[in-house]
Amino acid sequence: MSTNAKVSAAAEAEAEAEVVCVQLMLGLVLPLPLTLFIAHNLYSINLLSHPSLTLSLISVIQCPIVLLLYGRLRKNRKHCSYLKAVGRGLLGLPIGALVNALGAIALGAPVGTQYFSQTLNWSLMMSLFTIVPAATVFGSSWKDWQRIFAHTKPMGSVDLIICLPAHGAVIGAWFGAWPMPLDWERPWQEWPICVSYGAMVGYLVAMVASFGCVAVRARLQHVKRE
Amino acid sequence: MERWWRWRSGSEKWVPWLILLLHIVSILIFTRGFLLTRTELPFYSHCSDASQSPCFSSSSSSNSSRCWTKPAIDRLVIIVLDALRFDFVAPSTFFEESKPWMDKLKVIQRLASERGSSARIFKAIADPPTTSLQRLKGLTTGGLPTFIDVGNSFGAPAIVEDNFIHQLVQNGKRVVMMGDDTWTQLFPDHFKKSFPYPSFNVKDLHTVDNGCIDHLLPTLYEEDWDVLIAHFLGVDHAGHIFGVDSTPMIEKLEQYNAILEKVIEMLESQSGPGGIHENTLLLVMGDHGQTLNGDHGGGSPEEVETSMFAMSFKKPILSIPYEFHTPTCEQDLDGKKFCISSIQQLDFAVTMTALLGVPFPYGSIGRVNADLYGLVADTLNLEDARLENCQNQSKLEQWMQNYVNVLCINSWQVKRYVDVYSASSVIGFSHEDLLQIADIYAQAEENWSHTKKSLLDKNECCDSLLPALKRQIDLYVNFLTSVAELARSKWTEFNLNMMGIGFGIMLVSLLIHFLAIKRVNKQYGASFTSRGDSGISFGLICACFVVIIRASSFLSNSYILEEGKVANFLLATTGFVKLRYSIMKKKMLLEAVVFVLLITFCRFSIEVGLSKQAATSQFLNESTSLMTSIASGLPSWTLIAKVVPLLVLILLAYLLYKTISSRSCKGIWKYVIMGTILSYLLIAVHWASESSIRSLALVSNVIGRNCIPQIIYTIGFGQLLLLAFGWQFNKDKFFDGKENLVIKTIGMLSAWSSVVILLSGQQGPLVALASIIGGYCIVRLDNIEQDAKDNICDVSAVDPLSVTQWNLLAVCLFFCTGHWCAFDGLRYGAAFIGFDEFILIRQAILLTIDTFGFSHILPIFGLPFLVACQYMLSQKRFILVRLSQAYMMYGLITAATVTVTMLCVTIHRRHLMVWGLFAPKFVFDVVGLILADVLICLASLFCFGQVEDDVPKS
């Protein structure tokens, strides 16, 4: 009985994950370019001219989408309401931003008052890409965090759509930093423009990849069930 | 089994030596092809030398008043416009299309067009490296300065070779200089008057120029000088910042046009008979060109081609026909024929000295340029009254005869230089080349003696002389040209074959290195992937990735410039990878976090170092303002900066004290470490006295200042001797291998550390502490895997990621201590701690210890920690196998980066930054590699000392 219930619950979660994944695709993959587009045309700002403004605009638009969509994937549904999930996601935002900012500074991001707002907005965006989804879904479950970020062994669709985009964003940002020291003297070589581009590209690619993985998994399970 | 072990361990022992040998051979061959070296000769030309030349026949030696040549001009005004491109001066009709920056120096073009016989534009061709300092050196010495001019100028840029300015001063000419302060660095006490302005601030377009303008015209009215040099920098700086096609550049050129108009007007007004500029030559010249981006340094036509405008204010009697050269002629803007001749910068010094009548610089290999020489009227007024008899002899013939005379002296001087150079320098010219040159010279001389005879003999039929003179000129020119060509091939052209061979040997050594590591792995049944776990192979992939990325980053000049930051970035990346591990294993989280924090600390101190680099090497950076504002902050800050190093030093001493008291360390090792503690205390006393003594008596200061460091050096040397003694005679068989190794390593490190810290100055203890913490973290984090495995497989490969981290940390420490890969990055002050006078070898050793102390000596001698602290249960021989593995990996990582640096300098050998950036990087890397190899050999010798004695018995 109980195993049956568990299986059904798991299957339900899988199904839910698939649905949410589609929504995520629409809700996360599209807004990023859309935000840049809107920013460029409506407010006539872009990453080059107003990096921190654009980044904060991205964060503002992304934040509710991420929280609301990932909130639906929360673990331990019985003990955790939708609101609580969103709440812990919100709590995770500044913490994740701090972690990302410290990591960037250790890697050599410029420090100084004139860079403060850029670094802040960049790390908020990175936090939305990496920490916030995990915080919303897992809360303070150390085991899940460890599985996702240390072992990188995602199990199930939910793990996949948290783990892959987060790693994609981080790796993208890492590679995005490489053109910075070159002496081409282009405006986009400034901190944090190319790093943000790298992070966004990595995020989007990983998001599409995770969507693909989830779709393949669903197809396989479908076949298995039949 | 025993025998096998013996054989194997023996063969393993010579692998480092073999690698060292291969590296040395490879680097020597590569360097012969790449780094062109020249020896500076300490000889000077004197007026009296000329009597040794065959050019003055006894009959004409009556002229005691003249030196080598008869002075043709009285005063010389040289206006140097830095980075003056050829197309700034030449009319735009000479180029395919007219660009906005052309035809801006109108006054020059007008004069050259109107007075073709006394004013002329030259295309001056410089030799690479086209950096201002090398060019000024080339211009004044008439030689080809190379990247490494072996000479007496250690650290100081002052020119010690014979040169134009030196000859002027020697012969009583008064020189006035204004503008770029490079001149005063090159010639510290040659100028009668100088108005130097700082040249290093590229962003400042006007200070130097305005300074020049303020002093130029007033000085022109004065009579107390013979040669005036005004060096304008605006065009160079405008090019560096805005590029050639920019309004600041055009404004600068227009400004110069206005100044030149004024100068020429003034000179003209004073050029009448009896005027102070009656016999003055004006030169407006560039020292090198620049690319459209404003860069220079390399050998591209844009950088090499500059221009020279010469104008004599005395009407010449005849115009020298274009027989001695092939000028390029075009229609100028008004449709008139406009000719531009060309001149090698090499010829500048000798032509000017010939005109001013002073001896040619000893090392000059140029020839007196006919056009420039002929521009001046007085070169025609021969003193030989005899020639007046010959009424029908054309003036041209007179001039040619005079010119042949000058060329004769010129050839004799060049021949003398070539002979002396090959005799006295280490790498002279090849024998065949010398023979060939001697042949050409003998031929010319022989011909000249015939011609001279006919000159003396003839009385009326002068017509026949013209072809003979022309032939003579051709012979001399041929000789001088072939010498210049030979010198160019020797001093400015790379030998690609040699570079290729050197690089090939390097690749072979890498292969041997790799195979040796493989073999050791195989023989002990351990391989990187044998664990079955993805962890180790991930470490290998990670290590390879980091090493490859770091190596390939050297292919771009920007990454070399920011090498410290790149190394730090990669180190931080590996730090995060380790942090991820430690989260995975839920172990040693503290160490991982401390390590990342330490890297962050390193990063800031690297930035401080880079800001120093930016300040000295003209690559100005915006991000430096923060650091400087901190450094020049509150007075309490300086107090903290003084006290903290002392406290850290005492902490280090305390750590060592704990080591000797806790470990069962005996005999020699104990004394060594105690010596180090004593040294630390002495260093503390030394610094304390240095900071406070300024108010006290100076006498005790001088004694104390030198005495304490010398004691420390002595102690350090004694410790090393003791260690060598212990290695030779003291076979401690009481300890197990690991314990023994740790003690040995601590002893070795502590013996070096005191000297290294002393030389590094106040930052020394902090960096030492940082490296101890960093090393400790790496060692601890390396244990994550092993502890998790419960020591199942005892014999396993060293984690390559840890060795890579060790190496990266060493690189970071190099930059943390305020070094960078350039010769102005050497801390010359460190060489004089404890000594006042300069002895090359002693100071070079100190400088090497300072430069490579934290980045090579300490990390390599400390590498055994990585192995020794790893296993709780372990047999000695396994430890030693792992140790040799670790050393080989370390060597491989270092060698791999150096190989890519070699590849990079080969690719970029014509890059404009090759002398400014790639070559110094190459020299530092190569020296570092050889040093690392030697240290690895010594360290393995030191650590493996007892293996052969112990193992067969065990």
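Placement of Cβ uses the backbone N, Cα and C atoms for every residue, glycine included.
Nobody curates TrEMBL annotations by hand; they come from automatic prediction.
If you look up TrEMBL, you'll see B:14-35 (among others) marked as transmembrane segment.
Marked as transmembrane segment by TrEMBL: B:496-516 (among others). Sequence-distant contacts of the transmembrane segment (B:496-516), counting only residues of its own chain at least 6 positions beyond either end whose CB sits under 8 Å from a CB of the stretch, comprise 12, 15, 18-19, 22-23, 25-34, 888, 891-892, 895-896, 898-899, 902-903, 906.
Taken from TrEMBL, the feature transmembrane segment applies to B:588-606 (among others).
What TrEMBL lists as transmembrane segment is B:634-656 (among others).
The transmembrane segment feature in TrEMBL is assigned to B:668-688 (among others).
Annotated transmembrane segment per TrEMBL: B:708-729 (among others), in sequence order. Note on the transmembrane segment (B:708-729): residues 667-669, 671-672, 675-676, 678-679, 682-683, 685-686, 689, 747-748, 750-752, 754-755, 758, 833-835, 941-942, 945 of its chain, located 6 or more positions outside it, place their CB under 8 angstroms from a CB of the stretch.
Sequence-distant contacts of the transmembrane segment (B:741-761), counting only residues of its own chain at least 6 positions beyond either end whose CB sits under 8 Å from a CB of the stretch, comprise 649, 652, 656, 659, 663, 665, 668-669, 672-673, 675-676, 679-680, 683, 686, 709, 712-713, 715-716, 719-720, 723, 726, 735, 767-768, 817, 830, 833, 846, 849-850, 853-854, 857-858, 861-862, 864-865, 867-869, 879, 883, 939, 942-943. The annotation transmembrane segment is assigned in TrEMBL to B:741-761 (among others).
Annotation source TrEMBL lists transmembrane segment at B:806-823 (among others).
Annotation source TrEMBL lists transmembrane segment at B:844-867 (among others).
For B:887-905 (among others), the entry in TrEMBL reads transmembrane segment. Same-chain neighbours of the transmembrane segment (B:887-905): 15-16, 19, 23, 30, 34, 499, 502-503, 506-507, 509-510, 513-514, 516-517, 520, 547, 550-552, 554-555, 798, 800, 803-804, 806-807, 860, 863, 914, 918-919, 921-922, 925-926, 928-929, 932-933, 936, 939-940, counting only residues six or more beyond its ends whose CB sits under 8 Å from a CB of the stretch.
Summarising the annotation, TrEMBL assigns transmembrane segment to B:926-947 (among others).
Under 8 Å from some Cβ of the transmembrane segment (B:14-35) lie the Cβ atoms of residues 147-148, 427, 494-506, 508-509, 512-513, 516, 884, 887-888, 891, 895, 902, 905-906, 909, 919, 922-923, 926, 929-930, 933-934, 936-937, 940, all in the same chain and six or more residues away from its ends. Residues 9, 13, 16-17, 19-20, 23-24, 27, 31, 723, 727, 731-733, 740-741, 744-745, 748, 848, 852, 855-857, 860-861, 863-864, 876-877, 880, 883-884, 887, 890-891, 894-895, 898, 901 of the same chain lie 6 or more positions beyond the ends of the transmembrane segment (B:926-947) yet place their CB under 8 Å from a CB of it. If one looks beyond the transmembrane segment (B:668-688) by at least 6 residues along the same chain, the residues whose Cβ comes under 8 Å of a Cβ in the stretch are 642, 645-646, 649-650, 652-653, 656-657, 659-660, 704-705, 708-709, 711-712, 715-716, 718-719, 722-723, 725-726, 730, 743-744, 746-747, 750-751, 753-755, 757-758, 762.
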